[in-house]
Structures are given as structure tokens and as C-alpha cells.
Amino acid sequence: MTMTFFFRRSIAAAVVGLATTAISAELIRIPISKIPDDQHAAHLLASHSNAAASALVTITIAVAATSRRLVRGATHKEEENVILHDLKNAQYFGTLKVGTPPQEFEVIFDTGSSDLWVPSQTCTSNSMNCASKTTFDKTKSSSYSNVISGAKTDFDIMYGSGEVRGTYGVDSVTLADDYTAAEQTLAFVDSTDGLGETYGMAKFDGILGLAFPELSRDPDVNSLIQTLKDEGVLEKSMFAFFLGDDSDGELAVGGYDASRMQGEISWVEVVYPAYWLVAIDQVSFGGVPISTIGESAAIMDTGTSLIYGPEFQVSPMAEQLGGQFVPQVGLFLIPCDATIPDLEFTVGGKAVTIAGKQLVVKDDSGKYCFFGVAIMDIGVESRAGQNLAGTSSMPIPSKFRGNTWLMGDTYLRQIYTIWDYENKKFGIADLKQ
């Protein structure tokens, strides 16, 4: 049995045998409309009044999405399929229902975080950027309950520009119409000031984190995928992404869709199950291996649109293109007619190439072009690029600190990706042509 629903995106990896999960031919489809591009302004630019910043204000929320992430430290149903709808290659959104009767929310499906939260009814009066959001009214849900005695009640998470606060509660959470976790602990947010103006303009209400519990503000809280398995709704705590490139994509929950891929799956161990962090074998730019210091790793993250890497590796690439760093957006400005070499990452023995033409980010006017690979020194004190407090305390093994990449959708779109909670493995396969 399967379920399907549509997504939207906003601007802003050793072969191991696993049984292929069967796929039903019948899909439940829930259409979702597109989000206008002009609603995806970068909140990091909002405080800059100079001409350059004003011209670039509608370029991306990728910087905002990354900054908020890195400062926070029954009957078996075989598989759930989620159809994704692509909007100029950015973050992915879908529908999630909470409570009885169900109250419906738009949420980001985010492998770079672990918490599930939606706005509470008091959010609209506490935060101006919450005024247009769908909020949860616990008094209208017969299945709502407080967390058990002794469990953590307060929820708070630090984002790039401030804090998001709320309280934990327990209620039913449903994907589509019939895939329900009867008792899921989640956060109901009372204040969203920390998300800034970007949240107010965006169309999502909350976030469904798909990373491991260690990243959660309460590591004792199971992810929704794990709860669905524990309650017998899913056979496997596994999901898989096919990200559409200007076309529909798919998220399969409870297994993977073999019809989306070809060839063998290359599996790689998650080296530290907090983020989806895996070892990198090699990085090449224009066919030339990029020098490294020690071992390299990558965080696989559907909640980030671009690719971020260590300064000592990214800066020479940008300089090769005549790039100039623009602090207001955290990206390198490059000539729009620059010839960009292909970028290749080898993970789990699988080489994945990103064509140079996919490494350009343009503002709405088309006058400004940016290199789609940005600087972020993950696991060390920030220097240039993303000046983020707290990156040195991220749960990254010491051997990868300062040598870790953040792999967003620019990379993930090239392949079919499989995320295995139970076995702590990340799988890569070629897309079916």
C-alpha cells in the first residue's frame, strides 16, 4: 500500500545487499500549488540597505536555512511514496496533519535537523512573522495530551537570528490520509522570532526533521519515521529521495522505489549518527583532485539548496572563476559568462558529477551571478564566509573537523538517495534514465 503527496521547494553517500521493498502501482496524489519566487527573500540581507544588498534581496534563503541548522546543535504498510514538486531547485515542502480531527500544516522535510514542530495558537500573538501561519489548537484535538511526568516540557532552538521557543506535547501525526503515528511527541512553537522575516514570507508552517535523535533538543524523542515503525505502520525505518530537477520528484517512506534507480546501490556507513554524516573519498574540480588535510566528510542535507565546503578548498575554486566574496549573502560573485568546470564528489566509491552550469545562482534581475559552492568551516571556529557561532561544538568527529562539506540539493538531485535509520547507512544509486 502506498501514499503520495506533492511537495514544493523554496529558493534559499561498498555495496551491501538489502531487500527491495515492493511498490504498489496505486498512488494517492495531493496537488500543491507553486510558491512565487519573490516570496523567498533572504533574511540575512534584510538588515543591509546598500544598493548591492537591495539588488540581491530575492536571491536565496539557503544561507538562512544553513545558519539556523548549524548553530543548534499493527498492520505493516510496505511503503509510503511522496511526490515532490520542484520550484527552481530549493527546499522541499509537504503536508502533515496533527491531531483528531486532523489540523493540516505545511512542513519542510529536512534531513539536516531532528525536531518536528508546528506553530501553536499563541504564536500569532507572540511573533509578527507567525501572523499568517496555520497554528495548532490543542483544545480542538481529542487525541492531544501533555508529555509524561518527568519528560522535558520546554522546547527551544537557536537559529541564525534568534531563538524559537515552545512546549512539547503528544498527539497523532498523519502523512496523507492513513499513515498515522498515534502517539508522536512534537513541539508546539509559541515564538518564531528567531526565524526572522524569511519565515513570515515563506509558505511553510513547521519543520519535520529526518536526522538522528542526537541532534534533537530532546534526544529521547523519536523521529516520526521511527515512531511509525515502532507502532507497526512501517516495516523499515527507511526513506528515499528522488529530487526532481524542474520536474516532479518523490520521497518514499518505509523503503525505496527501485523503479526510480538503475544499477547497484552504493552504501556508506554514517560515521556519527547525529547528522547524516558520511566519509568522502575524493573531491575534484575540473577533473583535478582538490587537496585536503586529513580525512573528509559530508553532511547530506535536503534542507539546504547549495553546497558548502571548507574555506581552504572552496576559495581557490571561486578564485579560479574570478569570484569576489560578498559577505552580505555569504557567496562568491562571479562573472555571468564564466565557464565553470564540473565538480565531482566520490562517496562510498561512487563518483557523482555536478555539471558546472548547475553551480550558478542568479538573482531575479539576472544581473548578478554567484558561485553555487559556498564557504563553511564546519566543526571549527568560523573564519571567513559563514560567521556562525557554535559550529565548533557541532557533533562532528575530531578527524573531520574543518574538513567537512554540507551537501545540499545541488548534489542530491544528481542521484537517488536512500536513508537507512536502522542500519545507519546512506545509499546512492544512479537515476533511471
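Every residue gets a Cβ built from N, Cα and C, even glycine.
Predicted automatically and left uncurated, TrEMBL annotations should be read as such.
Look at TrEMBL and you will find 92-429 tagged as domain 'Peptidase A1'.
What TrEMBL lists as active site is ASP110 (among others). The Cβ of ASP110 (active site) has 22 neighbouring Cβ atoms from other residues within 10 Å, across all protein chains displayed.
Shown in sequence order, CYS130, LYS133, THR135, GLY166, VAL189, ASP190, SER191, THR192 are the residues of the chain, 6+ apart in sequence, with a C-beta less than 8 angstroms from the C-beta of CYS123 (disulfide bond). Residues or ranges marked as disulfide bond in TrEMBL: CYS123-CYS130.
TrEMBL lists ASP301 (among others) with the feature active site. For the recorded site, ASP301 (active site), the DSSP three-state label reads coil.
A straight line from the CA of ASP110 (active site) to the CA of ASP301 (active site) spans 7 Å.
Take the recorded positions CYS130, ASP301: by the count of other Cβ atoms within 10 Å of each Cβ, the lowest one is CYS130.
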